[in-house]
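Student: Below is a structure I'd like to ask you about.
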Amino acid sequence: MEKFPLKGTNISTSATVVGSHPLSGDHPSYQAVGRKTASPTNERSFINTTSLTSDDEMIDITPNNVSNPNYQYHSSSNGGGSREDGVGGETLGATGSGLGGSLHAGSDNSVRTSPTHSRFGRDFHSDHEDSVTAVSFSSLAEGISFSGMTDNSDDIPGIGQYDDFHTIDWQRDIARDRMRHRYIVKKRQDSFWDLIKGAHDASSGWVCVLLVGLFTGCVAGVIDIGASWMTDLKFGICPQAFWLNREQCCWSSNETSFVSGNCSQWHTWSEIIASTREGAGAYIISYFFYIAWAMLFALLAASLVRMFAPYACGSGIPEIKTILSGFIIRSYLGKWTLIIKSVGLILAVSTGLSLGKEGPMVHIASCIGNILSYLFPKYGRNEAKKREIISAAAAAGVSVAFGAPIGGVLFSLEEVSYYFPLKTLWRSFFCALIAAFILRSINPFGNEHSVLFYVEYNKPWIFFELVPFIGLGIIGGCIATLFIKANLWWCRFRKYSKLGQYPVTEVLAVTFITAVIAYPNHYTRMNTSELIYLLFSQCGISNSDYLCDYNRNFTDVKKTIEIAAAGPGVYKAIWLLTLALVMKLVMTIFTFGMKVPCGLFIPSLALGAIVGRIVGIGMEQLAYHYPKIWIFSGECSTGDDCITPGLYAMVGAAAVLGGVTRMTVSLVVIMFELTGGVRYIVPLMAAAMASKWVGDALGRQGIYDAHIALNGYPFLDSKDEFQHTTLAADVMQPKRNETLSVITQDSMTVDDIETLLKETEHNGYPVVVSKENQYLVGFVLRRDLNLAIANARRMIDGIAGQSLVIFTSAQPVQNLGPSPLKLKKILDMAPITVTDQTPMETVVDMFRKLGLRQTLVTHNGRLLGVITKKDVLRHVKQMDNEDPNTVLFN
């Protein structure tokens, strides 16, 4: 290279100088247009260039006027455009964060045309078969250089990806996407085809969420229809058309009234076996078939989960929250998990266990979002961008579970998502809308409403009723706290005892006990969704349940329902509902967390609705016997039914669900979307706030956060405040007077690096100038090091154990030893750093708001240590007097 100086370049300034200031160069900016093929792969050259075969050949460069004068680029002796401080240069990869970083292309002796992070080049212009002119972008705000991008694949496959159970680097991935976007915007002006590709890229996010909404609506419709049919299968069958559930079977019947909800078209199992519906024999036969079908469904669900998709169990929302915070759990959102969770959810709901399908629907929708994102490289190859699609998918999951699209968006924003920019809010709204529309088109409920429990109350609430509403909120918070603490105790026992080794046996045992206890009680035997709808409903002429056994005379259908004394059926219903409350609370404690798909929304709503209905009946009877006392403001003295017990059931349901999940805004919106009761927003808000306050006072965490902590997931909650006065030096690893594992920039051999990798388990290593002079050069990931060394041994001749590993652009001193291995392309030249005196409050905020994976600690520029996300989580637990060793993953 020294024989043929670059045109327009001063030799004395062509070497890259590590540490010089980026603003110090006075040289004109150039654009590199030449490169050398350094590997056996057949790579295309740039426009107007030929492939170079040796360092001695001429490299022609053309001046390029870069718009930012602060970032002066010049061409170094190795033929790549580089910045004077060594940040711009030869390897292409997202090395750093959005606050500072560099992207490079190639190695020291050649300008590579392919990136090192997630097949970057293909993301930009995968359709380019011909070579393209190298482009360099620079930004003072982000300090990223970008040069020589083509459609060739990575020279080191897998560089920049993430291992299982590791945290992503949000800043690096967002910087990569900004780079890709700048490149596409730049290329739009070149040709009409590039303009079309730019428009396609801009619209790909909307197309992706459209597909997610379509598929989520279809899957939800299939699940609803399948669960309804299999639930009714426990009671009987429709001989004329076995694929119809009980309600659909009875549509063709001309009978005006059905005994116990059955019509002549629908045959119970006792009728098929013994030709009778009444008597002890019929009851025993029906009891037996109820238990047998439940056990069969439970066995199938648990076996499918255990054999094909272990991640398909549980609710999924704690893991979705963790994944959206930047954690990698391979296969958790994969196709097998999607299939088994969908089938297993139909089976689990049909067993009659105390569980719901709402949480698992969020997991299913997130699986769909993850799978479809791979159709769009913009999202599939960028973990940070992929999480925008998963956030929108989570909103669609709640939308189809409840028929509440707005509540779904707010649920994703308030409860699930970690990073939720404004464009994700719009796309989530669009995705939830499409999913709800598709579900309404399928119409699995067979009515004109897309919501789950549509009720109409025609009476406004009385101001004094805020007192019992707030009381319901307090009761809901207490029930929720009791449930959370008991469920955590049981899950911890399951986790650390032999019970955890027999998941299928546990599922069968809980199913058997639930079925045996549930069948004798009319309110626990029925589907939980039907029970909630019954508790929400008003008593009318057609309602013959015990709950509506009032001393009323319905002489005129159009006449207003009058207030009346409760009959014996009402008191019997209260006792049965009290037993149902205890049974469902106890069984939900043992059910949630089992190895079948199981949600928590419906059981929580059922518990609250039972309490609310009982309180509502009490208030109603109080108004009947004392209609003129001041608390009713004369509203009840006219003889009309001024108290609506169903409204109390709705408020109670919101209270318990709010106490369990600690939702507020999204809960209220879901509840009034769920029921159509828009005029009762204030009672719902009062109950939700009271429930949350009581829950926070009695226990700090909601059920999802508690299960995240139980499983040891690295979730740094943005809602918590760090109020301690520790410094970064107190948390960093290693501690003072301990040895820090570092890599020097040009004095360690391949054997030294491999020994370091074997002896330590760190996820990354700081690169310093030398052992004696530990000034920071950059940061390199363990995974990237392993991949780069393995690739070099396989692809490059002359690489041996004694080969020097070089992380700089400077030419090494010629010696008789083996060829050096140049790995600057995998080096993060701009890692986030803090000083040892930085308050940990600031460090924790940086990890939360920037989504950091690690930060380096320095003192006067010298490297002292590293703080990882795991270190921060352990420190937070230690400061809160909890066991720091419960943080299990990286």
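Placement of Cβ uses the backbone N, Cα and C atoms for every residue, glycine included.
Pulled these from TrEMBL:
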- 38-48: compositional bias 'Polar residues' (COMPBIAS)
- 65-77: compositional bias 'Polar residues' (COMPBIAS)
- 108-117: compositional bias 'Polar residues' (COMPBIAS)
- 732-795: domain 'CBS' (DOMAIN)
- 827-884: domain 'CBS' (DOMAIN)
- 15-48: region 'Disordered' (REGION)
- 65-125: region 'Disordered' (REGION)
- 204-227: transmembrane segment (TRANSMEM)
- 280-302: transmembrane segment (TRANSMEM)
- 336-355: transmembrane segment (TRANSMEM)
- 361-377: transmembrane segment (TRANSMEM)
- 389-413: transmembrane segment (TRANSMEM)
- 425-442: transmembrane segment (TRANSMEM)
- 462-484: transmembrane segment (TRANSMEM)
- 499-519: transmembrane segment (TRANSMEM)
- 573-594: transmembrane segment (TRANSMEM)
- 600-619: transmembrane segment (TRANSMEM)
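What does the local environment look like for each feature on the list?
Tutor: Taken residue by residue, the domain 'CBS' (732-795) breaks down under DSSP into 24 helix, 17 strand, 23 coil.
Per-class residue totals from DSSP over the domain 'CBS' (827-884), listed helix then strand then coil: 23 helix, 19 strand, 16 coil.
Residues 342, 345-346, 349-350, 357, 361, 364-365, 368-369, 372-373, 375-376, 378-379, 388-389, 392-393, 396-397, 399-401, 423, 427-428, 430-439, 441-442, 444-445 of the same chain, all 6+ positions outside the transmembrane segment (204-227), place their C-beta atoms under 8 angstroms from a C-beta of that stretch.
For the transmembrane segment (361-377), same-chain residues at least 6 beyond its ends with a Cβ under 8 Å from one of its own Cβ atoms are 119, 122-123, 126, 204-205, 207-208, 211-212, 215-216, 219-220, 223, 315-317, 319-320, 323, 333-335, 337-338, 341-342, 345, 386, 389-390, 392-394, 396-398, 400-401, 416, 435, 597, 599.
Packing against the transmembrane segment (389-413) from elsewhere in the chain are residues 205, 208-209, 212-213, 216-217, 220, 320, 323-324, 333, 357-358, 361-366, 368-370, 372-373, 379, 419-420, 424-425, 427-436, 439-440, 449-452, 601, 663, 665-667, 669-671, 673-674: each is 6 or more residues past its ends and has a CB under 8 Å from a CB in it.
Long-range contacts of the transmembrane segment (425-442) within the same chain, counting only residues at least 6 positions beyond its ends with a Cβ under 8 Å from a Cβ of the stretch, are 205-206, 209-210, 212-214, 216-218, 220-221, 224-225, 365, 388-389, 391-400, 403-406, 408-409, 412-413, 450.
With a cut-off of 8 Å between Cβ atoms, the residues of this chain six or more beyond the transmembrane segment (462-484) that come close are 585, 588-589, 604, 607-608, 611-612, 615, 619, 631-633, 635, 642-643, 648, 651-652, 654-660, 682-683, 686-695, 697-699, 701-703, 706.
Counting residues 6+ beyond its ends, the transmembrane segment (573-594) has Cβ neighbours under 8 Å at 302, 313-315, 353-355, 479, 482-483, 486-487, 490-491, 494, 503, 506-507, 510, 513-514, 517-518, 521-524, 528, 531, 545-547, 549, 600, 603-604, 606-607, 610-611, 613-614, 617, 703, 707 in the same chain.
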Student: Given a Cβ distance threshold of under 8 angstroms, which distant residues of the chain, six or more beyond its ends, lie next to the transmembrane segment (336-355)?
Tutor: 219, 222-223, 226-227, 230-231, 233-234, 290, 293-294, 297-298, 300-301, 304-305, 308-309, 311-313, 316, 361, 363-364, 367-368, 371, 510-511, 514-515, 518, 525, 527-528, 584, 587-588, 591-592, 596-600, 602-603, 606
